[in-house]
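Taken from Swiss-Prot as is:
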| type | residues | note |
| --- | --- | --- |
| ACT_SITE | His104 | active site, proton donor |
| ACT_SITE | Glu436 | active site, proton acceptor |
| ACT_SITE | Arg621 | active site, proton donor |
| BINDING | Arg114, Thr136, Ala137, Lys138, Pro139, Asp140 | (6R)-10-formyltetrahydrofolate binding site |
| BINDING | Asp349, Asp370, Ile371 | NAD(+) binding site |
| BINDING | Ala395, Tyr400, 434-435, Arg462, Asn494, 528-537, Tyr615 | UDP-alpha-D-glucuronate binding site |
| REGION | 1-304 | region 'Formyltransferase ArnAFT' |
| REGION | 316-663 | region 'Dehydrogenase ArnADH' |
| SITE | Asn102 | site 'Transition state stabilizer' |
| SITE | Asp140 | site 'Raises pKa of active site His' |
Amino acid sequence: MKVVVFAYHDIGCTGIEALLEAGYEIQAVFTHADDPGENRFFGSVAQLCAEHNLPVYSPEDVNHPLWIERIRELAPQALFSFYYRNMLKQAILDIPTVGAFNLHGSLLPAYRGRAPINWCLVNGEAETGITLHQMTAKPDAGAIVAQQAVTIADDDTALTLHGKVRLAARALLEQELPKLRAGDIRLTPQDESKASYYGRRTPADGELHWHRPARELHNLVRAVTQPYPGAFSFAGDRKLTVWKSHWLAQQSDKQPGTILSQEPLRIACGEGVLEIVAGQAEGGLYVRGAQLARELGLVEGMKIGAKASNALRKARLTRVLILGVNGFIGNHLTERLLQDGGYEVYGLDIGSSAVDRFIGHPNFHFVEGDISIHTEWIEYHIKKCDVILPLVAIATPIEYTRNPLRVFELDFEENLKIVRYCVKYHKRIIFPSTSEVYGMCDDHSFDEDSSRLIVGPINKQRWIYSVSKQLLDRVIWAYGKKEGLNFTLFRPFNWMGPRLDSLDSARIGSSRAITQLILNLVDGTPIQLVDGGAQKRCFTDIEDGIEALFRIIENKENRCDGQIINIGNPDNEASIQQMAEILLAKFEAHPLRDHFPPFAGFKLVESKSFYGDGYQDVSHRRPSIANARRLLDWEPTIEMEETIGNTLDFFLQGAVTTGVEHD
């Protein structure tokens, strides 16, 4: 059987060796170039390929059309991925005739994602394993071919557990590869209800937070000990790395992080005590815990913890300027930032109905105003604040055809001023791009870094919003490249939830789809399905969206700098008609149903009669969220039906309270 292999790490070497022994014909191997900044403790796929005279490549982008075509020309019957670090696009997965298969270091569906071995140890698991499964566009979600369990011992570290998993992988492949070659393959779908997803780990994730239980901290130590960067804490500003530890169940009345004894070196935790068996001071040697204490001058009663200079810096709250704070995203984001306690929010908008509940909060400062008029106030606050979010825009489809020039003036021209102020004062801008920039893209899912942005002809005015946003994206990107602007672009995909638009805005046609449909139910008018409602969208709960946006603001390890990030839920894909049917069912079952008129039925309307001349629709809009998973460790969790129910309840409660309901 002819195969193409994507491989890295020891598991990659193991997979290639197993394929050769099973009689597979490896036509090409794709791997990664060694990272000089990485502690490479594992075998080299490139060296192994050289020893076996196998062609090996390390392309910058294996999903580039040129590489896809080269792989297609090889006509492989199967693809195998063994710890290859990049996602393969559907165009590659569709090439082999037998299928594409991945070897994942956990017992799927648990621990999908990155660094599963480290995460299992962090979480104190007693068992993990290895899974051979079909590859799909969604990471680690394909049907299972075979699995082999691995027991995790109390003294296992990431290195020893990796060795166990490698041996299990070898045994599993020796058993399954001959079957697969003979066509004897049995697939078991994954149970999505048991799925869990974990993102990549960074060295910063190794910080020891002493208020946690000692057992958790011990698990962290063994999860990231050598050859990984290690768990760490600080004595003042001096870093100490913990390479080996024990945990004790004994309790202490001392504050977490307090030194209880020097020899042995024991630290009070939120629950129990952690004993540092071996460690290393920054710039020092690997030594026993007692010697480490002496080198750092640690004595009983002292405290260790966060870096002292960082703690002083964090005493000042991060100042966030939100223009359009009263809008759907703005008011929900304000709530999340104030709940966190580490942020001071400055907001401007032409109204305050959605943020009145924050007035009086010591960390919320609101001014009523228009961004096209209050330019001096805006420039001053951009200079004053740390993070800028210009959320002001016209984002309702009917306005794209009804008021195209106003859309351009506000969405592009006014926001360009904000961008230039951020350049002038060297401020970080988090700019709301839009899923609309993808236009009529023909990809199965829209990728921030490779999908084409396809729009219609000039006489279709509805694209003025899309191209205004796209042009700003390009301007921001250029400022980042040429003048060092610190930016992140985020692209929301059909966020829904309470406080989305208003029924009044729906009455004049200036609202999103679900608000318009709810108005039809409240008023007892037919639900209008534009062009039959066949258009598909991926609906995202506002809570999921705001959590992702909050993590962009947090920007751990500066991961989001210079990035474009889709924020959507690809699993919540449905047509407008399907959404309307779910909405109707929830409306009929709602406790307030009797306050409103009978359902008036569905009415099919043409887009031209609803939106006017110049409208053109999009058949589907499905995001790739690989960037969000990788950069934010984020995964949407809320199903569409729950979101629809919450949105409906908000509007019905409001209608009853204000007396809008049917008499």
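Note that Cβ sites are derived from N, Cα and C of the backbone, with glycine treated the same way.
Here the structure is a predicted model, which means the values were calculated and not measured.
Here His104 (active site, proton donor) is positioned 15 angstrom away from Ala137 ((6R)-10-formyltetrahydrofolate binding site), judged by their C-alpha atoms. Note on the region 'Formyltransferase ArnAFT' (1-304): its mean pLDDT in the predicted model is 94. Taking a C-beta cut-off of under 8 angstroms and a sequence separation of 6 or more, the residue listed as 'active site, proton acceptor' has the following same-chain neighbours: Tyr465, Ser466, Lys469.
Comparing the Cα of Pro139 ((6R)-10-formyltetrahydrofolate binding site) with the Cα of every entry in Asp349, Ile371, Ser435, Gln528, Asp531, these being the binding-site residues, the smallest distance points to Ser435.
Remark: of the binding-site residues Thr136, Ser435, the most isolated position is Thr136 (fewest other Cβ atoms within 10 Å of its Cβ). Of all Cβ atoms in the shown protein chains, 23 besides its own fall within 10 Å of the Cβ of Asn102 (site 'Transition state stabilizer'). When the recorded positions Arg114, Asp140, Asp370, Arg621 are compared by Cα distance to Asp531 (UDP-alpha-D-glucuronate binding site), the shortest distance belongs to Arg621. Note: Ala395 (UDP-alpha-D-glucuronate binding site) has non-local neighbours Thr434, Tyr465, i.e. same-chain residues 6+ apart with C-beta under 8 A of its own C-beta. Closest in space to Asp370 (NAD(+) binding site), of the binding-site residues given as Arg114, Asp140, Gln528, is Gln528, taking the CA atom of each residue.
For the binding site of NAD(+), formed by Asp349, Asp370, Ile371 according to the record, the largest Cα to Cα distance is 8 Å, rounded to a whole number. Binding of (6R)-10-formyltetrahydrofolate is attributed in the record to Arg114, Thr136, Ala137, Lys138, Pro139, Asp140, and the widest Cα separation among these residues amounts to 16 Å.
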